[in-house]
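Notes follow the structure.
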Amino acid sequence: MKTGIIGLGKMGGALLRGMLKAGAAVPEEVWVYDHHHENVQALQEEYPGVHEAASEADAADAVEVLILAVKPHGVLSLISSLSERGAELPLLISIAAAVSLDDMEACASDGTRIIRAMPNTPCMVLAGVIAYSTGNGVKDEDEEAARMLLSGCGSVYKVAESGMNAVSAISGCGPAYMFTALDALADAGVAMGLSRKTALGLAAETMRGASLMLERTGKHPMALRDEVTSPGGTTIAALNALDECGFRNAWIQAVKSAVRRAEEMEER
């Protein structure tokens with residue numbers, strides 16, 4: 001399937017590299033456009049055969065599916081400029097946060113098919129989470145094509161668009177939360193005399209292992225927590241300390257803050 005992307009920033013680059021690494025996209029059938037030629041050049045060095053489009057319009061004309069990976073403030077003007085040419089547009093997949101399907105469709109020519117998606121940076125290592133919502137006119141075969149591309153990078157969830165800000169706050173922002181938690185846990189290890197390398201390795205592998213246990217056992221997180229929490233032991237002492245510091249509430253408030261910010265961005 002001929003696939004294009006406009007924008008090779010951190011998120012766009014992670015998503016496309018994941019698709020290429022997984023084989024969901026083939027270099028010879030990929031067209032990319034980015035204002036910074038060096039971003040395209042770096043991708044072509046990794047994946048020879050990728051085409052550099054001369055413009056956004058050239059990318060749209062060459063492909064069946066076009067991913068819009070530009071900043072939120074630029075996606076509506078991009079859709080407008082592509083639509084003004086009069087040519088039928090390919091299936092558009094926008095990954096711009098806080099830009100609604102209604103707003104995008106209002107800028108597009110009649111009949112334009114648009115999917116709104118929210119990936120995260122672990123797409124680069126094929127361990128991403130991508131949620132999406134479909135716009136008016138998106139056919140079953142369009143959705144199937146989008147899922148095929150996106151699923152190469154990780155797990156794919158279809159959600160109502162009303163839930164996209166929550167998705168952004170949990171899985172979109174989530175890697176930053178996890179990295180912050182890992183760094184704090186590693187700092188604690190260093191404070192207790194471990195080397196930075198050892199402490200960070202222990203923290204990262206523990207987070208990875210806990211995630212796999214949750215996924216593979218299907219048990220509730222609290223059931224798994226209870227399995228490692230002995231009466232009067234070290235784990236319950238640590239959990240009590242976390243509760244005293246407002247650990248759970250801090251995570252909830254972080255997600256709420258991210259959702260509020262997304263809502264503010266939508267209102268602009």
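Backbone N, Cα and C define each Cβ position, glycine as well.
Annotated features, as they stand in TrEMBL:
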type	residues	note
BINDING	Ile6, Gly7, Leu8, Gly9, Lys10, Met11, Ala69, Val70, Lys71, Pro72	NADP(+) binding site
DOMAIN	3-97	domain 'Pyrroline-5-carboxylate reductase catalytic N-terminal'
DOMAIN	161-265	domain 'Pyrroline-5-carboxylate reductase dimerisation'
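Feature annotations (TrEMBL) mapped to structure.
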residue	record	contacts (Cβ under 8 Å, 6+ apart)
Ile6	NADP(+) binding site	Gly12, Val32, Tyr33, Asp34, Glu56, Ala59, Leu66, Ile67, Leu68, Ala69, Val70, Leu78
Leu8	NADP(+) binding site	Leu16, Val32, Asp34, His36, Asn39, Val40, Leu43, Ala69
Lys10	NADP(+) binding site	Thr121
Lys71	NADP(+) binding site	Gly7, Gly9, Ala96
Helix-strand-coil residue split for the domain 'Pyrroline-5-carboxylate reductase catalytic N-terminal' (3-97), DSSP-based: 45 helix, 18 strand, 32 coil
Within the domain 'Pyrroline-5-carboxylate reductase dimerisation' (161-265), residues counted as helix, strand or coil by DSSP: 89 helix, 0 strand, 16 coil
Longest CA-CA distance among Ile6, Gly7, Leu8, Gly9, Lys10, Met11, Ala69, Val70, Lys71, Pro72, per record bound to NADP(+), angstrom: 14
Averaged pLDDT score, the domain 'Pyrroline-5-carboxylate reductase catalytic N-terminal' (3-97): 96
